[in-house]
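A.B. asks: The signal peptide annotation in TrEMBL covers 1-26. Under the heading domain 'Copper amine oxidase N2-terminal', TrEMBL lists 33-118. Among the features that TrEMBL reports, domain 'Copper amine oxidase N3-terminal' is placed at 126-218. Per TrEMBL, region 'Disordered' is recorded for 231-252. Per TrEMBL, domain 'Copper amine oxidase catalytic' is recorded for 247-659. Under the heading 2',4',5'-topaquinone, TrEMBL lists TYR412.
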Amino acid sequence: MASTTTIKLALFSVLTLLSFLAVVSVTPLHFQHPLDPLTKEEFLAVQTIVQNKYPISKNKLAFHYIGLDDPEKDHVLRYETHPTLVTIPRKIFVIAIINSQTHEIVINLKVRSILSDNVYNGYGFPILSINDQEIANELPLKYPPFIASVNKRGLNLSEVVCSSFTMGWFGEEKNIRTLRVDCFLKESTANIYVRPITGITIVVDLDLRKIVEYHDRDIEAVPTAENTEYQFSKQSPPFGPKQHSLTSHQPQGPGFQIKGHSVSWANWKFHIGFDVRAGIIISLASIYDLEKHKSRRVLYKGYISELFVPYQDPTEEFYFKTFFDSGEFGFGLSTVSLIPNRDCPPHAQFIDTYLHSADGTPILLKNAICVFEQYGNIMWRHTETGIPNESIEESRTEVNLIVRTIVTVGNYDNVIDWEFKASGSIKPSIALSGILEIKGTNIKHKDEIKEDLHGKLVSANSIGIYHDHFYIYYLDFDIDGTQNSFEKTSLKTVRIKDGSSKRKSYWTTETQTAKTESDAKITIGLAPAELVVVNPNIKTAVGNEVGYRLIPAIPAHPLLTEDDYPQIRGAFTNYNVWVTAYNRTEKWAGGLYVDRSRGDDTLAVWTKQNREIVNKDIVMWHVVGIHHVPAQEDFPIMPLLSTSFELRPTNFFERNPVLKTLSPRDVAWPGCSN
């Protein structure tokens with residue numbers, strides 16, 4: 001007979017489940033994952049619901065962000081356990097500018113109703129729409145003072161194209177939506193960014209839709225179009241160096257499966273999401289432990305939260321160019337279609353997604369993401385020659401899975417990869433290509449330089465301006481569960497003074513657990529250290545806490561002073577690593593409203609709460625930076641410049657998890673011999 005305590009516990013469990021099911025909807029058939037990107041039908045539903053409340057016949061309405069309102073984490077994790085029993089209502093978060101006011105709207109798609117509609121009255125503005133930029137770009141071409149400036153320079157107006165740039169914030173009191181517009185010459189080359197028309201200032205008021213400031217200062221030479229064309233159809237021989245053809249063949253088919261947006265490969269399972277601001281999102285990454293016979297969660301969610309690109313020219317022409325590419329332009333909105341067999345190998349599989357226009361209409365983006373396996377590296381190896389009369393050679397071929405997307409914001413292309421290894425590592429990487437930001441000059445040779453150009457002379461009349469690229473990754477680790485801690489293990493030199501050894505020194509480790517958010521602010525490179533997220537509640541057979549460590553790229557630190565306006569807005573780059581207590585609403589390191597923001601809603605501000613992070617649900621934020629000193633090889637279009645970091649298991653497994661992993665079977669090709 002069951003005890004009273006047992007009956008009470010059972011009743012409590014039933015009531016808890018019923019309480020949870022009251023929050024979510026029960027359905028016997030469920031095909032959409034709660035973290036799936038918005039569908040075409042969902043965008044259309046959002047458009048209809050908002051327009052029903054604010055008819056476009058009576059209101060000026062523009063959608064600047066339509067995205068998933070993140071469900072509660074515990075609901076998603078319960079869904080993962082019972083996907084056929086439970087579905088989570090789809091809630092959508094909308095930022096729209098309606099009659100010059102910024103509205104934050106939350107919609108429940110299941111009941112097709114608006115749950116809340118609040119007007120934002122703070123500083124800053126949402127992501128620019130494509131429509132905003134198109135309107136601004138057209139204004140100079142019909143503006144008489146600009147036309148006069150073009151004529152004065154002896155240029156053909158029909159060969160001029162303009163591009164809009166965010167203006168940042170430099171202490172102004174007024175909170176106005178404005179853009180700067182720069183113009184370029186497209187005559188004789190598609191490479192417009194290397195042919196700037198220098199010396200003109202154009203400021204556009206987006207609400208008034210007109211030019212509100214115009215200056216024509218100095219005339220500098222427009223760089224020549226010679227040797228700047230990158231289109232193959234417009235280039236002429238000789239070509240080279242010659243590259244030989246390669247074909248790839250997977251006789252057993254791909255080693256991964258994609259069902260909806262969920263991916264299974266080797267010992268990994270994860271979900272691929274997409275957001276118009278973040279772009280690609282990796283969620284629910286778990287790895288199967290062969291010895292424990294179960295999947296173990298590693299990463300609840302990971303994505304690039306912001307990209308800060310401050311240019312280092314303080315003159316009137318360039319000082320404002322301190323861009324936040326994700327928050328101002330949208331990484332998702334700036335994602336481009338991948339080119340098969342070029343951006344991704346022939347055996348890649350592609351995933352389409354939807355974006356939205358300023359009026360809320362869904363836009364199909366084909367080949368937004370590709371997934372493929374990469375072959376040819378070594379997983380592990382050893383040659384043993386120390387055993388008499390024996391020679392042992394063992395090597396295992398590594399096969400990795402790559403998830404790729406490309407974001408093009410203006411002149412720069414960002415190739416974004418998430419690489420998964422069977423050994424348990426996740427390796428995010430970034431590779432830059434595209435066009436340098438060029439400033440025109442009358443200088444043709446280095447010997448003519450008399451003052452700081454704020455960049456390098458990369459070609460005659462062409463200065464490649466110094467600048468930085470600071471990517472900050474949001475990494476919500478859940479190492480074997482949500483209760484995690486952050487440890488810093490310092491490597492320290494010890495001198496031997498007691499004569500106990502013929503050595504005079506050695507190094508050892510000292511581990512400290514960060515108790516609060518302030519303890520976890522790390523500047524990488526000052527001293528050797530291991531940075532590890534651990535689960536203090538789960539230990540290996542020999543007593544080590546299970547965890548994952550960050551193996552960073554070469555660290556880059558901001559060089560602007562902390563009181564400089566761009567650095568106030570980009571203060572999340574002041575440290576390479578931050579750790580925060582999990583908060584569903586703290587997603588964007590630069591703040592929710594980044595365009596013309598004032599730095600009052602950033603990661604650096606949130607962490608002033610100094611919340612406890614020991615044995616809590618925590619998030620790591622990692623800044624990956626590149627100081628870019630342009631070189632002539634970057635001109636007129638850059639070969640890839642890449643950086644990466646690794647999230648590597650540390651005492652997570654009992655031993656090497658790929659010890660018994662076999663190399664792929666060799667394939668015999670007709671006409672080939674061993």
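Glycine residues also receive a Cβ, built from the backbone N, Cα and C atoms like all the rest.
Curation plays no part in TrEMBL annotations; they are all automatic predictions.
So where do these features actually land, and what's packed around them?
C.D. replies: Mean pLDDT of the predicted structure over the domain 'Copper amine oxidase N2-terminal' (33-118): 96.
Note on the region 'Disordered' (231-252): DSSP counts are 3 helix, 0 strand, 19 coil.
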A.B. asks: Identify, in sequence order, the residues in the chain of TYR412 (2',4',5'-topaquinone) that are 6 or more apart from it along the sequence and have a CB within less than 8 Å of its CB; answer 'none' if there are none.
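C.D. replies: Set apart from TYR412 (2',4',5'-topaquinone) by at least 6 residues yet with Cβ under 8 Å, we have VAL309, LEU432, SER433, GLY434, ILE435.
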